[in-house]
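Swiss-Prot has this to say about the protein:
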type: REGION; residues: 1-226; note: region 'Pyrophosphorylase'
type: BINDING; residues: 7-10, K21, Q73, 78-79, G140, E155, N170, N224, R329, K347, Y362, N373; note: UDP-N-acetyl-alpha-D-glucosamine binding site
type: BINDING; residues: D103, N224; note: Mg(2+) binding site
type: REGION; residues: 227-247; note: region 'Linker'
type: REGION; residues: 248-450; note: region 'N-acetyltransferase'
type: ACT_SITE; residues: H359; note: active site, proton acceptor
type: BINDING; residues: A376, N382, Y383, A419, R436; note: acetyl-CoA binding site
Amino acid sequence: MLAVAVLAAGKGTRMKSALPKVLQPLAGATLVERVLASAKNLQPERRLLIVGHQAERVEQTLEHVNGLEFVLQSPQNGTGHAVQQLLPVMEGFEGELLVLNGDVPLLRAATIDALVQGHRSSGADVTLLTARLADPTGYGRVFADTDGQVSNIIEHRDCSEEQRGNNLTNAGIYCFNWAALAEVLPQLSNDNDQGELYLTDTVAMLPRAMHLEVDDPDEVNGINNRKQLAQCEGVLQQRLRDYWMDEGVTFVDPASCTLSEDCRFGRDVVVEPQTHFRGCCSIGDNSKLGPGTLIDNASLGDRVEVVQSVVREAKVGDDVSIGPFAHLRPAADVGHGCRIGNFVEVKKSSLGAGSKVNHLSYIGDASLGENVNVGAGTITANYDGVNKHQTVIGDHSKTGANSVLVAPVTIGDHVTIGAGSTITKDVPSKALSIGRARQMTKDNWANRSI
């Protein structure tokens, strides 16, 4: 059996944030959510989150995670003290305990799996993850033989000059035999500079300790401040971009674009500079996005082009052109072959196949049929000050420039709305509707004061 415990009780003072450190966002998910996800493939029998600082807020944020047990550490008195809190709740448990840190979000699932499998095959009481760092300053040094058996872990401040030449460091991630760990946890001492109980001290107390060296040191980067958060964001973004480039996506300027792990791209997609993807996005084959574009929780079909625009919580069909400077807001549904032009906003509206809104328009709470042509400056006036109302425009209808459709109103099929009209009543199919003041011209007006 396997239990996974995530240490998430720390305050994160150096973040200088009202938000607990483990709830800081990284590529669309919190740090601790990423840590939990990294161990998901192991299918542990128990998952425990050790909480402390703002425990209630952390629990509320993660209440959607099925089967997650919360264990309170109060006060926060070190990593060893944190794991001591598991003693009563894991009484009678038989198996391994994997200990992860809630602020180390870049661990790959394959690395964690290798740690657990290596621990099981070695017969060790504890196996710890290690990394060789170019600059190990501040990290505890791990001393081990060529077979991987650990003899000692010495904190940086306690190392001699010779010992500091060893760049094999402790990543703070462990796989224990729970029964062996449970015996030594009560023996931990706080006789150290910080007056805390260190989980590291259990390694020397257990008969057999092994280590597994991680191939990529970036995996064990911890986050204590905003700079480190940004560095980890950069590593994760590069992983995502590399993956999708290997899958047939072109990033013209990769470093200027950001993704979420819930993005899905078809083949031969081209992403121009300064284009960003948030949340769950689906992009069809042969689409071209950007530059200067945001796609947020949206679904785009094949051969879609979006230029310098925002598409948020919207659905876009095949062969659609959007932008520049268009804004598709939540519940916009744009059909096959549509055109959304410059300075157009669409909200909670559907556009049938082939419809066009080319310039300077607001389409809100509306249903447009197929092959509708919306003239420049057309507005659906959907709000009466209290409630929103719907505008319906039938197939093959067109509105003249600078028209206002005052909802609720229904425009039939094959209707023409004259330019400059304000339409307040329904218009039957095949009609021409003009609702504007009659033009009046007064000759010699300029001479009136002479």
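Placement of Cβ uses the backbone N, Cα and C atoms for every residue, glycine included.
Remember, predicted model here, so these are calculated numbers, not experimental data.
Checked against R329 (UDP-N-acetyl-alpha-D-glucosamine binding site), the binding-site residues N224, A376, N382 differ in C-alpha distance, with N382 being the nearest. Checking Cα-Cα distances from A376 (acetyl-CoA binding site) against the recorded positions (G140, N170, N224, H359) with a 10 Å cut-off leaves H359, in sequence order. DSSP assigns R329 (UDP-N-acetyl-alpha-D-glucosamine binding site) to coil in the three-state reduction, outside any helix or strand. Calculated from their C-alpha atoms, the gap between A419 (acetyl-CoA binding site) and the residue listed as 'active site, proton acceptor' amounts to 14 Å. Looking at A9 (UDP-N-acetyl-alpha-D-glucosamine binding site) and D103 (Mg(2+) binding site), their Cα atoms lie 10 Å from each other. In the three-state DSSP assignment, the secondary structure recorded for K21 (UDP-N-acetyl-alpha-D-glucosamine binding site) is helix.
For the region 'Linker' (227-247), the DSSP counts in helix, strand and coil order read 20 helix, 0 strand, 1 coil. Taking a C-beta cut-off of under 8 Å and a sequence gap of six or more, L7 (UDP-N-acetyl-alpha-D-glucosamine binding site) has these contacts in its own chain: I50, T79, A82, V83, V99, L100, N101, G102. Cβ crowding, taken as the number of other Cβ atoms within 10 Å, peaks at A376 among the binding-site residues A376, A419. Sequence-distant contacts of H359 (active site, proton acceptor), defined as residues of its own chain at least six apart whose C-beta falls under 8 angstroms from its C-beta, comprise G341, N342, F343, V344, A376, G377. On the backbone, the CA of D103 (Mg(2+) binding site) and the CA of K21 (UDP-N-acetyl-alpha-D-glucosamine binding site) stand 7 Å apart. For Y362 (UDP-N-acetyl-alpha-D-glucosamine binding site), the same-chain residues 6+ apart in sequence whose C-beta sits under 8 angstroms from its C-beta are V344, E345, K347, I379, T380.
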